[in-house]
Amino acid sequence: MELKPQETTSTGPELNKNTVEKGMSPHRIALKRFMKNKLAVASVVILLIIIIAVLCAPLFTDHNPTKSNLTMIERSPSAEHPLGNDSSGRDNLARLLYGGRISLIVGFSAMVFTLVIGVTLGSIAGYYGGKVDAIIMRATDLMLMLPFLVLCLTVVAILEKVTVGILVMIIAFTSWPNLTRIIRGTFLTLREQEFILGAKAIGVSDIRIIFKHFIPNAIGPIVVNATLMMATYIIVESALSFIGFGIPQPTPSWGNMISEAQSIRILRNSPEAWIPPGLAILMTVLCINFIGDGLRDAFDPKSNRR
Amino acid sequence: MSVIEKELKIETKNDFIVEAKNLKKYFPIKGGVLKRTVGHVKAVDDITLSIIRGETLGVVGESGSGKSTLGRVILRLMEPTEGQILFENEDISRLSNRQLRPFRKDMQIVFQDPFASLNPKMNVQELIEEPLLVQTSLNKNERREKAISLLEKVGLRPDSRLKYPHEFSGGQRQRISIARALALNPKFIICDEPVSALDVSIQAQVLNLMADLQDEFNLTYLFIAHDLSVVKHISDRVAVMYLGRIAEIAPKKNLYETPLHPYTEALLSAVPSTDVLNKREKIILKGDLPSPSNPPSGCAFRTRCPKAHERCALERPELINVSEGHYVACHLYEQ
């Protein structure tokens, strides 16, 4: 599919003198390389299925994921409730689907926020160097020193009520330093490249140099790290919810569904309550990681271990 | 002050496009836990030179002699430590980036490595249009027209304008760099070893192209190279650099026929000759280039100079005028 238009245009000049040959941009080459990675492509398909299922939750279930029904507490699966009901009598299937929305939204938006903070600070530090760089780097050192979990628990304890937005902020605020360092490092290597000097010689503004010359050439590490970060954040959200410091009940998330299994009775007698959300987390994170690896190989063929 | 500055006053009738006065670029060496400056690499050490409008001034020197740094400092791609840079009689050495922008139109640079000097994520058209986009108010169509005509000028097929740098050979990429440098109709171009990364056959093509473009657009070149035959081919005047200083500067003919500085003599004797009957004796220099962070006292070349005497260790030789336009920094030629 990718090659066809190229083949026709490369024979073009003989047929028609006005034909302009289309080149293959490095990003399209990376995409082509990614498409050859079967594991990564399969992961994209599975992840898409999960996302569609989660987005179209109302098509699969009529139940309200937050509505308790005291007559249905811990019921076994039935035709009406394929995955049974939880300890508050809520439908597990509905919670699995709607909870997926929360887990994915937390992972995705925390990734976007981290990206915004990390890319901005990393670009500034790497581009300007000197004092600005020193200040930003000391700030990242400071943030890296803080134990993530303790910080989360403290903030949650202070705020008492955690919403999705607050959880996203906490995650993004505590995890930007790693990305900042990666972006800064990439910028530092790019800064010595002659094409950056060339852009300066033309009189290109700092902003344009950052957006047109640095970021497109740093897109590989940015995309790869963003993808892997998202997987981490989904796990972080689950972990926090599992110990009760994440998304509070009755809002469903995969993490707080698993926390049901803290009760030995449910762990032993109703695997249908905790295996599906566990599997959902496993599949999502695994797929995202495979996609991340695929992207890394696609952007940087030298890292290919095969 | 220095002899050359007195000379400059006499020669002011010459139309200089670029002048460097006592230009210095020292890179600090940081050491210790506190990152204190423990020394300096004197990449460009008190260079005074003028470039006449329309000429090609070749700069030669071994690697580490500071010739690339000189080019970059003149273009203000690096901040000078000391000294002045005059472009068309205006001092640009202290201007801010914003104030420099209008000057950037008139001075451009072509780099050595054609694989590093083009942004790999932009296609040829974007690359050539970028200077126009940043510096002029041409609209999209006008920019495309200009890019196409520039590609034709440098001998590339306009059909391939949507290709990316990695799809071209080294020589073609260097042509793209030249087209990009020409886009703003500059008056002065610094060529930082533009052909040393290319095959010999391609070198000649690119050099001839640059010579043709110089005639057509009335360009002034500062041509940096380590290859004496390349410099001989393209230059009007040649400056020889050693350890951040100018050892000798002269019109091409004088320099190649009657080299004065012992370093120039040694360099020229190393050029392979095709003349079997008239073989020159090769002067083999002893030792390596001394470290620019700790240059020898007095004349920097004295440690390797076959003609060195005591005075060379004590006094640093100034550039002196020995004949019409021929300057040399060597105690042997002082009266």
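In case you wondered, yes, glycine gets a Cβ from its N, Cα and C as well.
The feature compositional bias 'Polar residues' is assigned by TrEMBL to A:1-18. Summarising the annotation, TrEMBL assigns domain 'ABC transmembrane type-1' to A:100-292. Residues or ranges marked as region 'Disordered' in TrEMBL: A:1-21. Look at TrEMBL and you will find A:39-60, A:102-130, A:142-159, A:165-183, A:222-247, A:273-292 tagged as transmembrane segment.
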What else in the chain is close to the transmembrane segment (A:102-130), if you only count residues 6 or more beyond its ends and a Cβ gap under 8 Å?
50-51, 54, 136-137, 139-140, 164, 167-169, 171-173, 175-188, 190-191, 206, 209-210, 214-215, 222, 226, 229-231, 233-234, 237-238, 247, 251-255, 280-281, 284
Using a threshold of three or more Cβ pairs below 8 Å, and leaving out pairs closer than 6 in sequence, do the transmembrane segment (A:273-292) and the transmembrane segment (A:142-159) count as in contact?
no
Six or more residues beyond either end and a Cβ under 8 Å away: which residues meet both conditions relative to the transmembrane segment (A:222-247)?
102-104, 106-108, 110-111, 114-115, 119, 152-153, 156, 162, 164, 167, 171, 175, 178-179, 182-183, 215, 253-256, 258-259, 262, 281, 284-285, 288-289, 291-292, 295-296, 299
